[in-house]
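Asks: Taken from Swiss-Prot, the feature active site, schiff-base intermediate with DNA applies to Pro2, supported by sequence analysis. Per Swiss-Prot, active site, proton donor is recorded for Glu3, Lys61, Arg279, and the stated evidence type is sequence analysis. Positions annotated as DNA binding site by Swiss-Prot, on the basis of sequence analysis: His95, Arg122, Lys169. Taken from Swiss-Prot, the feature zinc finger applies to 255-289.
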Amino acid sequence: MPELPEVEVVRRGLEKWVVGASFGEVEVLHPRAVRRHAPGAADFAARVSGCGVTEARRRGKYLWLTLDSGEALLAHLGMSGQLLVQPRHAAAERHLRVRLPLTARQGHDPEAPQELRFVDQRTFGHLLVDRLVDDGTGTGLPSVISHIARDPLDPAFDEDAFAAALCRKRTELKRALLDQSLISGIGNIYADEALWMSQLHWATPTEALSRSQVATLLAAVREVMVAALAQGGTSFDSLYVNVNGESGYFARSLNAYGRNDQPCARCGTPIQRETFMNRSSYSCPRCQPRPRHARA
């Protein structure tokens, strides 16, 4: 599933190619793509068609386009969702779910019309239209994600509040990092990478962490995510691409995730894979020793 860096790469592409344009007649080709929009596909198309796009924003793994109607077009990419900006005459992708034609904006060729396409092979992603609520800083946030915590790259992220909440969790450290109501944007890949960088085991009890360990962990999370952003995110297959259909290449820089039995870049010990929450966790048994009082 795309995590913060991948979603931010898509957001930046939307900011470049879609903000300032307006939508033409929206066409929903597969109703499952808008299943979270309770009034249905026809209402979704009617609410988006003709609207102008004023900004592209993100919180954690969610992104949205603010519309001049005062509402937001919210997107969650799920496992395989893609938002692509394509020439309107380009052949339809096999798993094209929603077409959102774009009017020409300043600097774009009106003779080469484009459209935003939502493509989703596994149909776990979705689009919906939602009202905006104040997020406490005077900025609008779609109401359905108002429970999602700020992410570590958000300028308004409160490190002290996070540290206190983390220690109150009394759970495994990785489980806490994956809790989007505590800190958003982190998934399996970047949790493993940040834990490797900070030399903490995923089963470390959160209540046992010192303030300096939390600070080291947050610094690692930010460093990993900034590095991933610079490389366009992590792509293991063709399911994650940016708005121009290009894959990221941070997979070449991973130190832990997916590197079972390969030598640790820091000490040479083979990376080990363990099962956690029905998924895989990767760590170095020497650099990240399992704590004596591990929670799992």
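Glycine residues also receive a Cβ, built from the backbone N, Cα and C atoms like all the rest.
Context for these features, please: burial, neighbours, distances.
Replies: Within 10 Å of the C-beta of Pro2 (active site, schiff-base intermediate with DNA) there are 27 other C-beta atoms, taking all protein chains into account.
The Cβ of Glu3 (active site, proton donor) lies under 8 Å from the Cβ of Lys61, Gly185, Ile186, Gly187, Ile189, Tyr190, Thr234, each of these being in the same chain and 6 or more residues away along the sequence.
Following the DSSP three-state reduction, the secondary structure of Lys61 (active site, proton donor) is coil.
There are 11 other CB atoms within 10 A of the CB of Arg279 (active site, proton donor), with all protein chains counted.
DSSP classifies His95 (DNA binding site) as coil under the three-state reduction.
Residues 172, 174-175, 178, 188-189, 192-193, 195-197, 199-203, 236, 296 of the same chain sit 6 or more residues outside the zinc finger (255-289) yet have a Cβ under 8 Å from a Cβ within it.
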Asks: What does DSSP assign Arg279 (active site, proton donor), in three states?
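Replies: Going by the DSSP assignment, Arg279 (active site, proton donor) falls within a strand, counted as strand.
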Asks: Hey, does DSSP put Glu3 (active site, proton donor) in a helix, a strand, or just coil?
Replies: coil
Asks: Based on the record's binding annotation for DNA (His95, Arg122, Lys169), what whole-number value in Å is the widest Cα to Cα distance?
Replies: 40
Asks: Would you mind splitting the zinc finger (255-289) into helix, strand and coil residue counts from DSSP?
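Replies: Its residues fall into 0 helix, 12 strand, 23 coil.
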Asks: Quick check on the binding-site residues His95, Arg122: which one has the highest count of other Cβ atoms within 10 Å of its Cβ?
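Replies: Ranked by Cβ atoms within 10 Å, first place goes to His95.
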